[in-house]
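J.: Residues or ranges marked as domain 'FAS1 1' in Swiss-Prot (evidence: sequence analysis): 35-173. Look at Swiss-Prot and you will find 257-400 tagged as domain 'FAS1 2', backed by sequence analysis. Residues or ranges marked as N-linked glycosylation site in Swiss-Prot (evidence: sequence analysis): Asn72, Asn279. According to Swiss-Prot, the feature signal peptide maps to 1-23.
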Amino acid sequence: MDSSYGATKFLLLLFLTTSIATALPDNKPVPGQINSNSVLVALLDSHYTELAELVEKALLLQTLEEAVGKHNITIFAPRNDALERNLDPLFKSFLLEPRNLKSLQSLLMFHILPKRITSPQWPSLSHHHRTLSNDHLHLTVDVNTLKVDSAEIIRPDDVIRPDGIIHGIERLLIPRSVQEDFNRRRSLRSISAVIPEGAPEVDPRTHRLKKPSPAVPAGAPPVLPIYDAMSPGPSLAPAPAPGPGGPRGHFNGDAQVKDFIHTLLHYGGYNEMADILVNLTSLATEMGRLVSEGYVLTVLAPNDEAMAKLTTDQLSEPGAPEQIMYYHIIPEYQTEESMYNAVRRFGKVKYDSLRFPHKVLAQEADGSVKFGHGDGSAYLFDPDIYTDGRISVQGIDGVLFPKEETPATEIKPAAPVVKKVSKSRRGKLMEVACRMMGSRFIPCQ
């Protein structure tokens, strides 16, 4: 009896334990959620304001939140002076360009280790650790001075939180991949090319090789005007692709046009312009061909608000989108600085456009560059959205149209002058003589 009672009690206790365990909520930590005591919150509120600003611009907060949810992290934070005054201005502008977002992210992730390393845990011998960018940092001790790569730790254990730690370092750490990207852009190696040479031609009369035409100096503009190199018309097929040859045979215009269209989309506010260039027309293909042949272009890109003001009548005519876009493309390489200096010096400047023979009028207004005439004018307000030495994109706040040419007043031809032959008048003496002599006098007949 006692044994059966004990078995029943055991089964009842087991049932209650299982029920309670099932009813309890699942309190497993959700990765990616951080609290106010996190090292990321401390970084954003710390005196490392320049680094925190770069983290926000690089769109890395969500990535770092996921990393903190999985493991502790160690952040090597450069002091503000290292990012403000001690950094090469060209390198800083390179990092802040929208098209170089991946380089900026790699640079910042290079400063973060997926583990917690305090100053007492610093290795006495040189030891390398993998960073969040999959590169390696070497931690060393040099005469009681902690170092990470070649940078000195000036504020060890500056910020300590349960999920991570921040060490202050004297300068920015630059990974080799980012340095190589910067060097390629600075030397224009990724967009430069060897001028192609034509195949030798044989003179059919002498059966000898024709003398080659004089060589064009490197970097000189193409011999043909850009209007002769354009495709015949918007109603015809798109312009053909560049001739055979590798990336060293011509400028890679297709890649550069694709790059600047991606920049427009990432920049924001120019989706309509990108859609017209790629989907509504074949201008993206034609621009790539022109750049491949050595021409340079400056695009005045209206923003989405300006494009929304276009009426259906303005876009419904055959070839209207192409003509509108042609008027916004200047066959020169101009930046915001060069155009502003020109209008400051000369007052008004007229730039050629691909909509021949119409020109784009530019003048200074309110400390900026104003394009167009009267109510149809537009201001340059997003300067240098994309500049790579071959293509320059400047954002404007209106759609430009060429000034309508007033027809000259028709000059009516003057009525032909009818000359009236006046009757010859005889002199008084002849008249008197006729009266006296009568009609028998021969001159009087």
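Cβ atoms are placed via backbone N, Cα and C, with glycine included.
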J.: Express the predicted model's confidence over the domain 'FAS1 1' (35-173) as a mean pLDDT, rounded to an integer.
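T.: Averaging the confidence scores along the domain 'FAS1 1' (35-173) gives 89.
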J.: Could you check the glycosylation sites Asn72, Asn279 and say which one's CB has the most other CB atoms within 10 Å?
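T.: That would be Asn72, with the most Cβ atoms nearby.
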J.: Where does Asn279 (N-linked glycosylation site) sit in the DSSP three-state scheme?
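T.: SS state of Asn279 (N-linked glycosylation site) = helix.
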J.: Using C-alpha atoms only, work out the spacing between Asn72 (N-linked glycosylation site) and Asn279 (N-linked glycosylation site) and round it to an integer in Å.
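T.: So the Cα of Asn279 (N-linked glycosylation site) lies 47 Å away from that of Asn72 (N-linked glycosylation site).
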J.: Using DSSP, tally how many residues of the domain 'FAS1 1' (35-173) sit in helix, strand and coil.
T.: 54 helix, 40 strand, 45 coil
